[in-house]
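Undergrad: The structure is given below, and queries will be raised subsequently.
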Ligand code: S3P
C-alpha cells in the first residue's frame, strides 16, 4: 500500500508538471497566432504539424509508448488550434449558399481545420422535430420550418461558443436572419453552377423545394431570385464547382485569417 501511495504521489507530480507545461504551451500558441496574423501567414499548416509530431516521437526512447505519445501530441496540436481559434474568432463563421453548393462538407472541413465546434442547422432542426426536412415541409409547411430556422439561428447567435455554422440554403430569405448573420458572424457564400447543382442533387429526394420540379432551369431561376440576398450578406464568396473540398476549405481559412477584428 505504501508503495502504491508513493507511485501515486509521483504521478500527481508529473500531472502537475504536464498541466504547467501545457499552459505555457497554449500561451505560446496564442502569441504565434497573433504573429501569423500580423505577418499574414496561413493559420493552418498541416506540414508543420506533421513535422512537430514526428520530432516529438523521435524523443521517445521506449518504443512501447510511441503510439500513445503520438496520439497525445496530435491532441495537443488540435487543442492548440482550438485555443488559437477561440482567440481569433469572436464571431461565428456562417457558411451559406444554394442547396447542393457543398455547405455541409465544407463547413465540416473548415471546423476541423480550425478545431471549432460545428452546427449543421438542417440536421439540428431534424433532430429537434424528430422528422426529416422533407417531412417537416410536407406535414407542417414551409412557414413552420422557416420559424424553426429563425429560432435556431437566434439561439446560435446568443451562444458564447463560437461555431462554424452550415446554414440551410434559404436562410437569407428572411430579413431578420440577414441581420443576425451580419451582426454575429463572418459569412462565407459558396457558389456553384446550376448545372453542377443539378448533377449533385438530381438523385436526392431530401430537397422539398426541388423535389417535384428538378431541372437546371428551375435551379437557375431560384438561384437568380436569391443571388442578391446571398451577395448582400457575404463577406467572402468562393466557387465550389470543379474544386476539391480541401482546397476550398483552405481558401476559406486563408480568408478568415485576413479578416479585420472589427468585422
Ligand atoms: C432550403 C434548403 C435546404 C433546407 C430546406 C430549404 C432552401 O438546405 O434548409 O430544404 O430554401 O434553399 P440545404 O441548402 O442544406 O439543402
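Every residue, even glycine, has its Cβ placed from backbone N, Cα and C.
Fair warning: this is a prediction, and the values are worked out from it, not measured in the lab.
Sharing the feature lines straight out of TrEMBL:
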- 1-88: domain 'Chorismate mutase' (DOMAIN)
- 100, 101, 102, 103, 104, 105, 207: ATP binding site (BINDING)
- 104: Mg(2+) binding site (BINDING)
- 122, 146, 169, 226: substrate binding site (BINDING)
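Relative to the rest of the structure, where do these features sit?
TA: Other Cβ atoms within 10 Å of the Cβ of residue 102 (ATP binding site) number 25 in total over all chains. According to DSSP, residue 102 (ATP binding site) sits in a coil region rather than a helix or strand.
Neighbour count (other Cβ atoms within 10 Å of the Cβ, all protein chains): 15 for residue 104 (ATP binding site).
Neighbour density for residue 146 (substrate binding site): within 10 A of its CB lie 16 other CB atoms from the protein chains shown.
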Undergrad: Are any of 122, 146, 169 (the binding-site residues) within 10 Å of residue 100 (ATP binding site) when you go C-alpha to C-alpha, and if so which?
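TA: So far as Cα distances go, the binding-site residues lying within 10 Å of residue 100 (ATP binding site) are 169.
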Undergrad: For ATP, what surrounds 100, 101, 102, 103, 104, 105, 207 with a Cβ no more than 8 Å from their Cβ centroid?
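TA: Those within range, site residues removed, are 97, 99, 106, 166, 169, 190, 200.
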Undergrad: Among 122, 169, 226, please name the binding-site residues whose Cβ is nearer than 6 Å to ligand 1.
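TA: Within range of ligand 1: 122, 169.
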